[in-house]
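Chemist: Can you read through this structure? Questions will come right after.
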Amino acid sequence: MEKAAGCPSVGGSYPQKNAEILSSQYGINLFLAGLLLTFAWAVHAVGISKSHLLSYLITLMLIQLLWMLWYLCRSCTQRRLIRDKDTHAGARWLKCGITLFAVITLILDSFKIGYYIDFSKCLSPTEGIFPVAHAVHTILQVYFLWCHAKDIIQSFKTLERFGVIHSVFTNLLLWTNGVLTESKHQLNEHKERLITLGFGNITIVLDDHAPQCNCTTTTLCSIFSQGIYYLYPFNIEYHILASTMLYVLWKNIGRKVEHHQQHKTPFKFHGMTVGMIFGLIVLTSTIAIVVVYLIQIGRSKIRSELALTMFYLHAIFVLALMCTAGIVALLIYRLEDRSLDNSKNPARKLDAELLVGTAAGSWLLSWGSILAIICAQAHPKYTWYNLPYSVLVIIEKYVQNLFIIESIHREQEKGNDDIKTLRIVTVSRGSTLSLTPSYKEIYNGRAACDNGEVPCLFKGSIHGRENDGGDGAKEETSQDKSSVMHSASDFSFYSRNSVTNGKRRILKNIAAFLFLCNLSLWIPPAFGCRPEYDNGLEEIVFGFEPWIIVVNLAMPFSIFYRMHSAASLFEVNCKT
(Lines of atoms letter the chains of each structure in order from A and count residues from 1; the text may use other names and numbers.)
(Lines give C-alpha, C1' and ligand atoms only; values in the text may rest on other atoms or scores of the structure.)
Protein backbone atom coordinates (compact mmCIF):
# COMPACT_ATOMS: atom_id res chain seq x y z
CA MET A 1 0.00 0.00 0.00
CA GLU A 2 2.81 2.39 0.82
CA LYS A 3 4.45 1.72 -2.51
CA ALA A 4 1.20 2.30 -4.35
CA ALA A 5 0.62 5.52 -2.46
CA GLY A 6 4.08 6.76 -3.33
CA CYS A 7 3.82 6.01 -7.03
CA PRO A 8 1.88 9.09 -8.13
CA SER A 9 4.27 11.52 -6.46
CA VAL A 10 7.32 9.78 -7.91
CA GLY A 11 5.78 9.38 -11.33
CA GLY A 12 4.50 12.94 -11.29
CA SER A 13 8.06 14.28 -11.11
CA TYR A 14 9.18 12.51 -14.29
CA PRO A 15 7.26 14.68 -16.80
CA GLN A 16 8.74 17.85 -15.28
CA LYS A 17 12.27 16.41 -15.23
CA ASN A 18 11.86 15.28 -18.82
CA ALA A 19 10.59 18.74 -19.77
CA GLU A 20 13.67 20.29 -18.18
CA ILE A 21 16.01 17.94 -20.05
CA LEU A 22 14.18 18.35 -23.37
CA SER A 23 14.06 22.14 -23.11
CA SER A 24 17.77 22.37 -22.24
CA GLN A 25 18.67 20.16 -25.23
CA TYR A 26 16.48 22.31 -27.47
CA GLY A 27 18.28 25.44 -26.28
CA ILE A 28 21.74 23.91 -26.74
CA ASN A 29 20.96 22.83 -30.31
CA LEU A 30 19.52 26.27 -31.03
CA PHE A 31 22.73 27.85 -29.76
CA LEU A 32 25.09 25.47 -31.58
CA ALA A 33 23.34 26.06 -34.92
CA GLY A 34 23.67 29.82 -34.46
CA LEU A 35 27.27 29.48 -33.27
CA LEU A 36 28.29 27.56 -36.39
CA LEU A 37 26.49 30.09 -38.58
CA THR A 38 28.36 32.90 -36.82
CA PHE A 39 31.67 31.09 -37.23
CA ALA A 40 30.99 30.44 -40.93
CA TRP A 41 30.35 34.14 -41.53
CA ALA A 42 33.48 35.11 -39.57
CA VAL A 43 35.76 32.90 -41.70
CA HIS A 44 34.05 33.90 -45.00
CA ALA A 45 32.65 30.42 -45.65
CA VAL A 46 31.37 29.87 -49.17
CA GLY A 47 27.62 30.44 -49.50
CA ILE A 48 27.26 32.01 -46.00
CA SER A 49 26.75 35.76 -45.76
CA LYS A 50 25.93 38.16 -42.98
CA SER A 51 22.30 38.29 -44.14
CA HIS A 52 21.91 34.57 -43.35
CA LEU A 53 23.18 35.08 -39.79
CA LEU A 54 20.99 38.14 -39.23
CA SER A 55 17.92 36.34 -40.63
CA TYR A 56 18.47 33.52 -38.12
CA LEU A 57 18.80 35.98 -35.23
CA ILE A 58 15.73 37.95 -36.34
CA THR A 59 13.69 34.73 -36.42
CA LEU A 60 14.79 33.82 -32.89
CA MET A 61 13.93 37.29 -31.59
CA LEU A 62 10.47 37.20 -33.18
CA ILE A 63 9.72 33.81 -31.59
CA GLN A 64 10.81 35.17 -28.20
CA LEU A 65 8.66 38.29 -28.71
CA LEU A 66 5.60 36.12 -29.37
CA TRP A 67 6.26 34.05 -26.24
CA MET A 68 6.77 37.13 -24.04
CA LEU A 69 3.56 38.72 -25.35
CA TRP A 70 1.64 35.50 -24.62
CA TYR A 71 3.10 35.33 -21.10
CA LEU A 72 2.33 39.00 -20.39
CA CYS A 73 -1.25 38.64 -21.64
CA ARG A 74 -1.79 35.52 -19.55
CA SER A 75 -0.33 37.29 -16.50
CA CYS A 76 -2.74 40.19 -16.95
CA THR A 77 -5.75 37.86 -17.04
CA GLN A 78 -4.55 36.13 -13.85
CA ARG A 79 -3.59 39.31 -12.06
CA ARG A 80 -5.60 38.53 -8.93
CA LEU A 81 -3.95 35.17 -8.32
CA ILE A 82 -1.32 35.01 -5.56
CA ARG A 83 1.97 33.78 -7.03
CA ASP A 84 5.15 32.55 -5.43
CA LYS A 85 8.15 34.82 -5.84
CA ASP A 86 11.87 34.20 -5.55
CA THR A 87 12.98 37.09 -3.36
CA HIS A 88 16.65 36.50 -4.23
CA ALA A 89 16.14 36.80 -8.01
CA GLY A 90 15.88 40.03 -10.00
CA ALA A 91 17.17 42.49 -7.40
CA ARG A 92 16.24 46.11 -8.01
CA TRP A 93 19.83 47.22 -8.53
CA LEU A 94 20.25 44.45 -11.12
CA LYS A 95 17.14 45.63 -12.96
CA CYS A 96 18.45 49.21 -12.90
CA GLY A 97 21.78 48.02 -14.30
CA ILE A 98 20.22 46.08 -17.15
CA THR A 99 17.96 49.06 -17.92
CA LEU A 100 21.01 51.32 -18.24
CA PHE A 101 22.72 48.89 -20.61
CA ALA A 102 19.46 48.52 -22.56
CA VAL A 103 19.18 52.29 -23.07
CA ILE A 104 22.72 52.40 -24.49
CA THR A 105 21.86 49.35 -26.63
CA LEU A 106 18.94 51.30 -28.09
CA ILE A 107 21.36 54.12 -28.98
CA LEU A 108 23.53 51.47 -30.68
CA ASP A 109 20.52 50.25 -32.67
CA SER A 110 19.76 53.81 -33.78
CA PHE A 111 23.39 54.17 -34.98
CA LYS A 112 23.03 50.92 -36.95
CA ILE A 113 19.83 52.19 -38.55
CA GLY A 114 21.58 55.42 -39.53
CA TYR A 115 24.55 53.43 -40.86
CA TYR A 116 22.19 51.30 -42.97
CA ILE A 117 20.44 54.34 -44.40
CA ASP A 118 23.77 55.84 -45.50
CA PHE A 119 24.94 52.56 -47.14
CA SER A 120 21.50 51.30 -48.19
CA LYS A 121 22.57 50.93 -51.84
CA CYS A 122 24.92 48.02 -51.15
CA LEU A 123 23.67 46.51 -47.86
CA SER A 124 21.22 43.66 -47.45
CA PRO A 125 17.71 44.62 -46.20
CA THR A 126 18.28 42.33 -43.20
CA GLU A 127 20.92 44.79 -41.92
CA GLY A 128 18.17 47.41 -41.71
CA ILE A 129 15.52 45.07 -40.28
CA PHE A 130 17.85 43.63 -37.62
CA PRO A 131 18.39 46.83 -35.53
CA VAL A 132 14.65 47.61 -35.65
CA ALA A 133 13.70 44.10 -34.47
CA HIS A 134 16.48 44.23 -31.87
CA ALA A 135 15.22 47.56 -30.48
CA VAL A 136 11.67 46.21 -30.10
CA HIS A 137 13.07 43.02 -28.56
CA THR A 138 15.15 45.05 -26.07
CA ILE A 139 12.25 47.25 -24.92
CA LEU A 140 9.84 44.35 -24.38
CA GLN A 141 12.47 42.14 -22.73
CA VAL A 142 13.45 44.80 -20.19
CA TYR A 143 9.78 45.35 -19.34
CA PHE A 144 9.32 41.58 -18.99
CA LEU A 145 12.32 41.25 -16.65
CA TRP A 146 11.18 44.19 -14.50
CA CYS A 147 7.74 42.64 -14.02
CA HIS A 148 8.41 38.89 -13.96
CA ALA A 149 12.07 38.14 -13.12
CA LYS A 150 11.00 36.95 -9.64
CA ASP A 151 8.17 34.69 -10.84
CA ILE A 152 8.05 31.02 -9.89
CA ILE A 153 5.95 29.56 -12.70
CA GLN A 154 3.53 26.82 -11.63
CA SER A 155 1.21 26.57 -14.67
CA PHE A 156 1.92 25.57 -18.30
CA LYS A 157 5.31 24.51 -16.96
CA THR A 158 6.42 22.47 -19.97
CA LEU A 159 5.58 25.21 -22.45
CA GLU A 160 7.14 27.88 -20.26
CA ARG A 161 10.38 25.90 -19.96
CA PHE A 162 10.79 25.95 -23.74
CA GLY A 163 9.87 29.64 -23.94
CA VAL A 164 12.32 30.71 -21.23
CA ILE A 165 15.22 28.55 -22.44
CA HIS A 166 14.63 29.86 -25.98
CA SER A 167 15.00 33.37 -24.56
CA VAL A 168 18.19 32.41 -22.68
CA PHE A 169 19.98 31.08 -25.75
CA THR A 170 18.64 33.85 -28.01
CA ASN A 171 20.38 36.36 -25.74
CA LEU A 172 23.52 34.22 -25.68
CA LEU A 173 23.61 34.19 -29.48
CA LEU A 174 23.09 37.97 -29.61
CA TRP A 175 25.92 38.25 -27.08
CA THR A 176 28.13 36.02 -29.27
CA ASN A 177 27.33 38.10 -32.34
CA GLY A 178 28.23 41.31 -30.49
CA VAL A 179 31.46 39.82 -29.14
CA LEU A 180 32.54 38.61 -32.58
CA THR A 181 31.76 41.89 -34.32
CA GLU A 182 33.61 43.90 -31.67
CA SER A 183 36.54 41.45 -31.63
CA LYS A 184 36.99 41.67 -35.42
CA HIS A 185 37.19 45.45 -35.13
CA GLN A 186 39.74 45.22 -32.29
CA LEU A 187 41.76 42.65 -34.24
CA ASN A 188 42.11 44.95 -37.24
CA GLU A 189 43.42 47.75 -35.02
CA HIS A 190 45.73 45.30 -33.26
CA LYS A 191 47.32 44.12 -36.50
CA GLU A 192 48.12 47.71 -37.45
CA ARG A 193 49.70 48.38 -34.02
CA LEU A 194 52.02 45.37 -34.24
CA ILE A 195 53.88 47.01 -37.11
CA THR A 196 54.84 49.98 -34.90
CA LEU A 197 56.20 47.60 -32.23
CA GLY A 198 58.58 46.05 -34.76
CA PHE A 199 56.83 42.71 -35.28
CA GLY A 200 57.11 42.85 -39.05
CA ASN A 201 57.50 39.08 -39.39
CA ILE A 202 53.81 38.61 -38.53
CA THR A 203 51.60 38.53 -41.61
CA ILE A 204 49.13 41.43 -41.48
CA VAL A 205 45.92 40.71 -43.37
CA LEU A 206 42.97 42.90 -42.40
CA ASP A 207 39.61 41.22 -42.11
CA ASP A 208 37.41 43.76 -43.83
CA HIS A 209 33.61 43.51 -43.89
CA ALA A 210 33.11 47.14 -44.93
CA PRO A 211 30.40 47.95 -47.53
CA GLN A 212 31.55 48.03 -51.14
CA CYS A 213 29.98 51.39 -51.96
CA ASN A 214 30.37 55.04 -51.05
CA CYS A 215 28.49 56.66 -48.20
CA THR A 216 25.89 59.30 -49.00
CA THR A 217 27.08 61.59 -46.15
CA THR A 218 30.72 60.99 -45.21
CA THR A 219 30.64 62.78 -41.84
CA LEU A 220 27.61 60.89 -40.53
CA CYS A 221 29.01 57.57 -41.75
CA SER A 222 32.22 58.19 -39.84
CA ILE A 223 30.30 59.05 -36.64
CA PHE A 224 28.07 56.00 -36.95
CA SER A 225 30.85 53.51 -37.82
CA GLN A 226 33.16 54.70 -35.01
CA GLY A 227 30.40 55.18 -32.44
CA ILE A 228 29.04 51.67 -32.93
CA TYR A 229 32.22 50.05 -31.63
CA TYR A 230 32.35 52.24 -28.52
CA LEU A 231 28.78 51.19 -27.64
CA TYR A 232 29.26 47.46 -28.20
CA PRO A 233 30.65 46.76 -24.67
CA PHE A 234 27.34 47.91 -23.15
CA ASN A 235 25.35 45.82 -25.61
CA ILE A 236 27.46 42.77 -24.75
CA GLU A 237 26.89 43.25 -21.00
CA TYR A 238 23.16 43.78 -21.56
CA HIS A 239 22.67 40.43 -23.29
CA ILE A 240 24.74 38.42 -20.83
CA LEU A 241 22.87 39.96 -17.88
CA ALA A 242 19.52 39.24 -19.55
CA SER A 243 20.49 35.63 -20.21
CA THR A 244 21.52 35.08 -16.56
CA MET A 245 18.25 36.58 -15.23
CA LEU A 246 16.24 34.43 -17.65
CA TYR A 247 18.23 31.34 -16.66
CA VAL A 248 17.30 31.87 -13.00
CA LEU A 249 13.66 32.20 -14.10
CA TRP A 250 14.00 28.88 -15.97
CA LYS A 251 15.51 27.13 -12.93
CA ASN A 252 12.65 28.42 -10.76
CA ILE A 253 9.89 26.86 -12.89
CA GLY A 254 7.92 24.43 -10.73
CA ARG A 255 10.11 25.10 -7.70
CA LYS A 256 8.59 24.91 -4.23
CA VAL A 257 9.80 27.69 -1.97
CA GLU A 258 9.66 28.06 1.78
CA HIS A 259 7.67 31.08 2.81
CA HIS A 260 9.80 33.05 5.20
CA GLN A 261 10.33 36.74 5.76
CA GLN A 262 13.03 38.24 3.60
CA HIS A 263 14.96 41.08 5.18
CA LYS A 264 15.33 44.04 2.86
CA THR A 265 18.90 45.20 2.39
CA PRO A 266 18.92 48.75 1.07
CA PHE A 267 22.18 50.25 -0.13
CA LYS A 268 23.64 52.87 2.21
CA PHE A 269 26.67 55.10 1.69
CA HIS A 270 27.09 55.56 5.44
CA GLY A 271 30.22 53.97 6.89
CA MET A 272 32.20 53.35 3.69
CA THR A 273 33.69 56.76 2.92
CA VAL A 274 37.29 55.51 2.92
CA GLY A 275 36.58 52.68 0.50
CA MET A 276 34.63 54.97 -1.82
CA ILE A 277 37.39 57.60 -1.85
CA PHE A 278 40.15 55.11 -2.68
CA GLY A 279 37.91 53.38 -5.21
CA LEU A 280 37.11 56.66 -6.96
CA ILE A 281 40.82 57.49 -7.09
CA VAL A 282 41.45 54.14 -8.81
CA LEU A 283 38.52 54.71 -11.20
CA THR A 284 39.70 58.19 -12.16
CA SER A 285 43.31 57.12 -12.67
CA THR A 286 42.20 54.11 -14.74
CA ILE A 287 40.15 56.28 -17.10
CA ALA A 288 43.16 58.60 -17.51
CA ILE A 289 45.46 55.61 -18.21
CA VAL A 290 43.05 54.22 -20.83
CA VAL A 291 42.81 57.58 -22.62
CA VAL A 292 46.60 57.97 -22.72
CA TYR A 293 47.04 54.33 -23.78
CA LEU A 294 44.64 54.61 -26.72
CA ILE A 295 46.29 57.84 -27.85
CA GLN A 296 49.88 56.61 -27.59
CA ILE A 297 49.63 52.97 -28.68
CA GLY A 298 50.50 52.51 -32.35
CA ARG A 299 51.98 56.00 -32.80
CA SER A 300 55.57 54.82 -32.71
CA LYS A 301 57.63 52.05 -31.15
CA ILE A 302 58.81 54.18 -28.22
CA ARG A 303 55.33 55.55 -27.49
CA SER A 304 53.79 52.09 -27.69
CA GLU A 305 56.34 50.65 -25.27
CA LEU A 306 55.78 53.56 -22.84
CA ALA A 307 52.00 53.06 -23.05
CA LEU A 308 52.36 49.33 -22.26
CA THR A 309 54.76 50.03 -19.36
CA MET A 310 52.40 52.65 -17.94
CA PHE A 311 49.46 50.24 -18.15
CA TYR A 312 51.32 47.38 -16.46
CA LEU A 313 52.62 49.52 -13.57
CA HIS A 314 49.18 50.95 -12.88
CA ALA A 315 47.50 47.53 -13.06
CA ILE A 316 50.13 45.95 -10.77
CA PHE A 317 49.54 48.63 -8.13
CA VAL A 318 45.73 48.29 -8.30
CA LEU A 319 45.79 44.48 -8.24
CA ALA A 320 48.16 44.47 -5.25
CA LEU A 321 45.76 46.74 -3.35
CA MET A 322 42.81 44.49 -4.26
CA CYS A 323 44.67 41.37 -3.11
CA THR A 324 45.50 43.03 0.21
CA ALA A 325 41.89 44.18 0.74
CA GLY A 326 40.53 40.72 -0.08
CA ILE A 327 42.94 38.98 2.32
CA VAL A 328 42.02 41.40 5.12
CA ALA A 329 38.31 40.68 4.54
CA LEU A 330 38.91 36.91 4.64
CA LEU A 331 40.89 37.26 7.89
CA ILE A 332 37.97 39.16 9.44
CA TYR A 333 35.63 36.34 8.40
CA ARG A 334 37.94 33.81 10.05
CA LEU A 335 37.68 35.77 13.32
CA GLU A 336 33.88 35.74 13.23
CA ASP A 337 31.66 32.82 14.14
CA ARG A 338 28.79 33.15 11.68
CA SER A 339 26.87 30.26 10.13
CA LEU A 340 26.41 29.87 6.37
CA ASP A 341 23.07 29.84 4.57
CA ASN A 342 23.00 26.57 2.63
CA SER A 343 19.37 26.75 1.52
CA LYS A 344 18.53 26.05 -2.12
CA ASN A 345 18.91 29.26 -4.10
CA PRO A 346 19.31 29.17 -7.93
CA ALA A 347 20.36 32.83 -8.17
CA ARG A 348 23.11 32.50 -5.57
CA LYS A 349 24.34 29.21 -7.03
CA LEU A 350 24.52 30.77 -10.51
CA ASP A 351 26.46 33.76 -9.16
CA ALA A 352 29.11 31.50 -7.63
CA GLU A 353 29.39 29.35 -10.77
CA LEU A 354 29.71 32.40 -13.03
CA LEU A 355 32.44 33.90 -10.85
CA VAL A 356 34.62 30.79 -11.05
CA GLY A 357 33.72 29.95 -14.66
CA THR A 358 34.38 33.40 -16.13
CA ALA A 359 37.56 33.86 -14.05
CA ALA A 360 38.99 30.93 -16.02
CA GLY A 361 39.18 33.23 -19.06
CA SER A 362 41.60 35.59 -17.32
CA TRP A 363 43.54 32.71 -15.81
CA LEU A 364 44.01 31.22 -19.29
CA LEU A 365 45.41 34.48 -20.65
CA SER A 366 47.63 34.99 -17.61
CA TRP A 367 49.17 31.51 -17.80
CA GLY A 368 49.73 32.04 -21.52
CA SER A 369 51.61 35.26 -20.82
CA ILE A 370 53.68 33.61 -18.05
CA LEU A 371 54.69 30.75 -20.36
CA ALA A 372 55.52 33.20 -23.16
CA ILE A 373 57.84 35.18 -20.86
CA ILE A 374 59.57 31.99 -19.68
CA CYS A 375 59.97 30.47 -23.15
CA ALA A 376 60.76 33.56 -25.24
CA GLN A 377 64.33 34.01 -26.43
CA ALA A 378 64.26 37.82 -26.57
CA HIS A 379 62.58 39.97 -23.93
CA PRO A 380 61.92 43.65 -24.58
CA LYS A 381 62.06 45.61 -21.33
CA TYR A 382 58.32 46.31 -21.14
CA THR A 383 57.44 42.60 -21.38
CA TRP A 384 58.98 41.90 -17.94
CA TYR A 385 56.21 43.93 -16.30
CA ASN A 386 53.78 41.41 -17.74
CA LEU A 387 55.08 38.71 -15.37
CA PRO A 388 54.03 40.27 -12.02
CA TYR A 389 50.86 41.55 -13.70
CA SER A 390 49.84 38.04 -14.81
CA VAL A 391 50.67 36.49 -11.44
CA LEU A 392 48.64 39.14 -9.59
CA VAL A 393 45.65 38.63 -11.91
CA ILE A 394 45.57 34.95 -10.92
CA ILE A 395 45.95 35.62 -7.18
CA GLU A 396 43.50 38.56 -7.10
CA LYS A 397 40.68 36.62 -8.75
CA TYR A 398 41.32 33.65 -6.48
CA VAL A 399 41.11 35.77 -3.32
CA GLN A 400 38.18 37.87 -4.56
CA ASN A 401 36.14 34.82 -5.52
CA LEU A 402 36.62 33.38 -2.03
CA PHE A 403 35.51 36.66 -0.46
CA ILE A 404 32.41 37.12 -2.64
CA ILE A 405 31.22 33.49 -2.48
CA GLU A 406 31.60 33.37 1.30
CA SER A 407 29.87 36.75 1.65
CA ILE A 408 26.80 35.78 -0.36
CA HIS A 409 26.50 32.50 1.57
CA ARG A 410 26.78 34.05 5.03
CA GLU A 411 23.53 34.44 6.91
CA GLN A 412 22.44 38.04 7.12
CA GLU A 413 23.17 39.45 10.55
CA LYS A 414 20.11 40.57 12.44
CA GLY A 415 21.87 43.58 13.78
CA ASN A 416 21.01 46.04 16.45
CA ASP A 417 18.81 47.99 14.08
CA ASP A 418 16.14 45.31 14.46
CA ILE A 419 16.21 45.39 18.25
CA LYS A 420 13.51 47.44 19.87
CA THR A 421 13.96 48.90 23.35
CA LEU A 422 11.25 47.65 25.70
CA ARG A 423 10.06 49.95 28.46
CA ILE A 424 7.81 48.73 31.29
CA VAL A 425 6.68 51.54 33.51
CA THR A 426 4.89 51.12 36.82
CA VAL A 427 3.45 53.85 38.94
CA SER A 428 4.04 53.66 42.69
CA ARG A 429 3.08 56.39 45.13
CA GLY A 430 2.75 58.87 42.30
CA SER A 431 6.29 58.28 40.95
CA THR A 432 7.20 56.67 37.62
CA LEU A 433 9.96 54.07 37.58
CA SER A 434 11.62 52.53 34.52
CA LEU A 435 11.94 48.92 35.56
CA THR A 436 13.05 47.42 32.27
CA PRO A 437 16.39 45.70 31.75
CA SER A 438 18.46 47.13 28.94
CA TYR A 439 17.66 45.94 25.43
CA LYS A 440 21.17 44.54 25.22
CA GLU A 441 20.37 42.06 27.97
CA ILE A 442 17.08 41.11 26.34
CA TYR A 443 18.90 40.47 23.07
CA ASN A 444 21.58 38.37 24.74
CA GLY A 445 19.06 36.38 26.81
CA ARG A 446 20.18 37.78 30.16
CA ALA A 447 16.97 39.36 31.42
CA ALA A 448 17.39 37.45 34.67
CA CYS A 449 19.77 38.53 37.41
CA ASP A 450 23.07 36.76 37.96
CA ASN A 451 21.86 35.13 41.20
CA GLY A 452 19.20 33.25 39.22
CA GLU A 453 16.50 33.82 41.85
CA VAL A 454 14.30 36.59 40.48
CA PRO A 455 14.44 38.20 37.07
CA CYS A 456 15.56 41.81 37.12
CA LEU A 457 12.29 42.88 35.63
CA PHE A 458 10.32 41.62 38.64
CA LYS A 459 12.99 42.45 41.13
CA GLY A 460 12.70 46.10 40.20
CA SER A 461 8.94 45.86 40.71
CA ILE A 462 9.41 44.33 44.17
CA HIS A 463 11.77 47.12 45.13
CA GLY A 464 9.13 49.60 44.01
CA ARG A 465 6.53 48.04 46.29
CA GLU A 466 8.87 47.89 49.30
CA ASN A 467 9.21 51.67 49.35
CA ASP A 468 6.22 51.95 51.75
CA GLY A 469 7.70 50.26 54.83
CA GLY A 470 11.19 49.08 53.89
CA ASP A 471 14.45 50.33 55.19
CA GLY A 472 15.71 53.27 53.15
CA ALA A 473 19.33 52.22 53.49
CA LYS A 474 18.60 48.65 52.23
CA GLU A 475 16.66 50.05 49.30
CA GLU A 476 19.50 52.38 48.39
CA THR A 477 22.07 49.58 48.65
CA SER A 478 19.92 47.28 46.55
CA GLN A 479 19.49 49.92 43.87
CA ASP A 480 23.24 50.62 43.88
CA LYS A 481 24.00 46.93 43.36
CA SER A 482 21.46 46.74 40.55
CA SER A 483 22.98 49.85 38.96
CA VAL A 484 26.49 48.40 39.15
CA MET A 485 25.25 45.11 37.69
CA HIS A 486 23.55 46.87 34.76
CA SER A 487 26.60 49.09 34.17
CA ALA A 488 28.92 46.07 33.94
CA SER A 489 26.52 44.32 31.57
CA ASP A 490 26.16 47.45 29.43
CA PHE A 491 29.94 47.95 29.29
CA SER A 492 30.58 44.37 28.12
CA PHE A 493 27.84 44.66 25.49
CA TYR A 494 29.08 48.01 24.20
CA SER A 495 32.64 46.72 23.94
CA ARG A 496 31.45 43.68 21.97
CA ASN A 497 29.12 45.77 19.85
CA SER A 498 31.82 48.33 19.03
CA VAL A 499 34.14 45.53 17.84
CA THR A 500 31.37 44.04 15.67
CA ASN A 501 30.50 47.43 14.19
CA GLY A 502 34.17 48.06 13.53
CA LYS A 503 34.47 44.80 11.58
CA ARG A 504 31.31 45.56 9.61
CA ARG A 505 32.61 49.02 8.76
CA ILE A 506 35.90 47.58 7.50
CA LEU A 507 34.05 44.97 5.40
CA LYS A 508 31.76 47.64 3.90
CA ASN A 509 34.77 49.76 2.95
CA ILE A 510 36.53 46.76 1.40
CA ALA A 511 33.42 45.78 -0.58
CA ALA A 512 32.97 49.37 -1.80
CA PHE A 513 36.65 49.61 -2.78
CA LEU A 514 36.59 46.29 -4.65
CA PHE A 515 33.31 47.27 -6.35
CA LEU A 516 34.86 50.42 -7.84
CA CYS A 517 38.11 48.62 -8.65
CA ASN A 518 36.24 45.97 -10.65
CA LEU A 519 34.38 48.68 -12.56
CA SER A 520 37.75 50.31 -13.20
CA LEU A 521 39.31 47.07 -14.51
CA TRP A 522 36.25 46.47 -16.72
CA ILE A 523 36.89 49.71 -18.64
CA PRO A 524 40.30 48.97 -20.29
CA PRO A 525 39.48 45.70 -22.10
CA ALA A 526 35.92 46.80 -22.88
CA PHE A 527 37.13 49.92 -24.72
CA GLY A 528 40.13 48.53 -26.57
CA CYS A 529 42.97 48.74 -24.04
CA ARG A 530 44.16 45.14 -24.34
CA PRO A 531 47.87 44.48 -23.73
CA GLU A 532 47.25 40.79 -24.47
CA TYR A 533 46.85 41.93 -28.08
CA ASP A 534 49.51 44.63 -28.14
CA ASN A 535 52.30 42.98 -26.13
CA GLY A 536 53.47 40.94 -29.14
CA LEU A 537 55.53 38.42 -27.16
CA GLU A 538 52.77 35.83 -26.98
CA GLU A 539 52.25 35.94 -30.76
CA ILE A 540 55.92 35.06 -31.30
CA VAL A 541 55.92 32.11 -28.87
CA PHE A 542 52.51 30.58 -29.66
CA GLY A 543 52.06 31.87 -33.21
CA PHE A 544 49.84 34.74 -34.31
CA GLU A 545 46.68 32.85 -35.24
CA PRO A 546 46.63 30.41 -32.24
CA TRP A 547 47.17 33.21 -29.71
CA ILE A 548 44.55 35.45 -31.30
CA ILE A 549 42.03 32.57 -31.14
CA VAL A 550 42.82 32.10 -27.42
CA VAL A 551 42.45 35.84 -26.73
CA ASN A 552 39.19 36.12 -28.67
CA LEU A 553 37.71 33.17 -26.76
CA ALA A 554 38.94 34.18 -23.29
CA MET A 555 38.61 37.98 -23.39
CA PRO A 556 34.76 38.13 -23.38
CA PHE A 557 34.69 35.99 -20.22
CA SER A 558 37.35 38.18 -18.63
CA ILE A 559 35.34 41.32 -19.38
CA PHE A 560 32.12 39.79 -18.09
CA TYR A 561 33.89 38.63 -14.90
CA ARG A 562 34.64 42.21 -13.89
CA MET A 563 31.08 43.41 -14.39
CA HIS A 564 29.62 40.36 -12.65
CA SER A 565 32.06 40.79 -9.74
CA ALA A 566 31.03 44.43 -9.40
CA ALA A 567 27.36 43.39 -9.29
CA SER A 568 28.08 40.69 -6.69
CA LEU A 569 30.12 43.10 -4.55
CA PHE A 570 27.25 45.58 -4.64
CA GLU A 571 25.04 42.85 -3.18
CA VAL A 572 27.71 42.05 -0.58
CA ASN A 573 27.77 45.71 0.42
CA CYS A 574 24.02 45.72 0.91
CA LYS A 575 24.16 42.61 3.11
CA THR A 576 27.12 43.73 5.25
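Keep in mind that glycine also has a Cβ here, set from the backbone N, Cα and C atoms.
Take a look at what TrEMBL says about it:
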- 26-47: transmembrane segment (TRANSMEM)
- 53-72: transmembrane segment (TRANSMEM)
- 93-117: transmembrane segment (TRANSMEM)
- 129-146: transmembrane segment (TRANSMEM)
- 229-250: transmembrane segment (TRANSMEM)
- 271-295: transmembrane segment (TRANSMEM)
- 311-333: transmembrane segment (TRANSMEM)
- 354-379: transmembrane segment (TRANSMEM)
- 506-528: transmembrane segment (TRANSMEM)
- 540-561: transmembrane segment (TRANSMEM)
Chemist: With pairs restricted to those 6 or more apart in sequence, evaluate whether the transmembrane segment (93-117) and the transmembrane segment (229-250) have 3+ C-beta pairs under 8 Å.
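Modeler: When sequence-distant Cβ pairs are counted, the transmembrane segment (229-250) touches the transmembrane segment (93-117), since at least 3 lie under 8 Å.
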Chemist: Could you tell me what the rest of the chain brings near the transmembrane segment (26-47), counting residues at least six beyond its ends with Cβ under 8 Å?
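Modeler: Beyond its ends, the transmembrane segment (26-47) has Cβ neighbours at 53, 56-57, 60, 162, 165-166, 168-170, 172-173, 176-177, 180, 184.
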Chemist: Should the transmembrane segment (506-528) and the transmembrane segment (53-72) be scored as in contact, given a threshold of at least 3 Cβ pairs under 8 Å and pairs 6 or more apart?
Modeler: no
Chemist: Would you confirm whether the transmembrane segment (271-295) and the transmembrane segment (229-250) meet the contact rule of 3 or more C-beta pairs below 8 angstroms, pairs 6 or more apart in sequence?
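Modeler: Checked: the transmembrane segment (271-295) vs the transmembrane segment (229-250), no contact.
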Chemist: Flag the pair the transmembrane segment (540-561) / the transmembrane segment (229-250) as in contact if three or more Cβ pairs fall under 8 Å (sequence separation 6 or more).
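Modeler: Yes, since the transmembrane segment (540-561) and the transmembrane segment (229-250) share at least 3 Cβ pairs closer than 8 Å, they count as touching.
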